Amino acid sequence: MGNSKSGALSKEILEELQLNTKFTEEELSAWYQSFLKECPSGRITRQEFESIYSKFFPDSDPKAYAQHVFRSFDANSDGTLDFKEYVIALHMTTAGKPTQKLEWAFSLYDVDGNGTISKNEVLEIVMAIFKMIKPEDVKLLPDDENTPEKRAEKIWAFFGKKEDDKLTEEEFIEGTLANKEILRLIQFEPQKVKERIKEKKQ
């Protein structure tokens, strides 16, 4: 997508990313340098993305979640992300606008990409989220959501869906915007992600 491999980020991409994210020119330029160090080709594979993501969460297992995040941002399904896709992924998972984040969250939960979400897909993502929560934090969760199965059940019940029903993107976004409890249940705590990213930038 027009990324320069010479070590400088093209003006067009820099301006576009500043427009679409909250990141500053300095942050983006610094990230681009470290991105090129990790990925000299200017593209990042799923394995490389998992490796970078795991550095944000050294005391948990984010591999499964990172795979789903990667899938949701690999727009052309070529198995790689360029710098622009990578930064948008970071932005959307931490600081995007509510509706943008929910559109992304829908694509995250729509594991097979068929345009609807099933209860099994909810469970698959929730299981990936649970691998990122420290065991001592899991113990602090309420009894009706302290396992992936219970949390998936609770999410599905909030949407008023039967076992084999499907959830459309519109239902997902409207239901989540109308109920903060659903929003809390469907995501890994974004504040923790933000804190980890800030630590890495320092």
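Cβ coordinates come from backbone N, Cα and C, glycine included.
Checked against Swiss-Prot, the range among 113-116, 161-164, 189-192 recorded as region 'Interaction with GRK1' is 189-192. For ASN114 (Ca(2+) 2 binding site) paired with GLU85 (Ca(2+) 1 binding site), the C-alpha to C-alpha distance reads 22 Å.
Listed in sequence order, the residues ARG43, PHE73, ALA75, SER77, GLY79, LEU81, ASP82 complete the 8 Å Cβ shell around the Ca(2+) 1 site centroid, once ASP74, ASN76, ASP78, THR80, GLU85 themselves are left out.
With respect to THR116 (Ca(2+) 2 binding site), the closest of these recorded positions in Cα terms is ASN76, chosen from CYS39, ASN76, THR80, GLU85. Across the domain 'EF-hand 3' (97-132), DSSP helix (H, G, I), strand (E, B) and coil residues number 24 helix, 2 strand, 10 coil. Closest by Cα distance to CYS39 (cysteine sulfenic acid (-SOH)), from the binding-site residues ASN76, ASP78, THR80, ASP112, GLU121, is THR80.
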